[in-house]
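*Asks:* From TrEMBL, for reference:
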DOMAIN    1-101  domain 'STAS'
Amino acid sequence: MKITIKEGESGLNVHLDGVLDFSASHEFKQLVLRLAAGRSKTLTFDLARVSRIDSVGLGLLHIAREELGGEDCRVRLLSPQSGVMRMLELTEAGSDFDIVP
């Protein structure tokens with residue numbers, strides 16, 4: 001999993017590239033710790049280059065939302081590929097995240 005962080009006008013943009021599953025869990029948790037140091041109004045995870053996500057990957061996104069989101073910060077999932085979008089729909093992730101196709 002390749003992770004790139006860019007600061008935009010509306011908040012932080014985190015670009016993920018690869019497979020979001022158990023193999024990415026350590027790196028993703030380190031990312032959450034780094035992001036927790038600085039708060040942002042909006043946190044966007046760009047999923048355009050995530051080729052696959054499993055239940056662990058979904059759990060990692062939920063951990064990020066719980067740790068970094070809340071009343072002061074919106075967490076968005078941007079441009080998920082069709083397979084990733086299908087998993088988000090099956091798990092009703094739209095009730096927890098703003099999903100932008």
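Just so it is clear, glycine is given a Cβ too, placed from its N, Cα and C backbone atoms.
Where in this structure would I find these features, and how exposed are they?
*Replies:* Across the range of the domain 'STAS' (1-101), the DSSP-based residue counts are 41 helix, 37 strand, 23 coil.
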*Asks:* Mind looking up the mean pLDDT for the domain 'STAS' (1-101) in the predicted model?
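*Replies:* The average pLDDT of the model in the domain 'STAS' (1-101) works out to 91.
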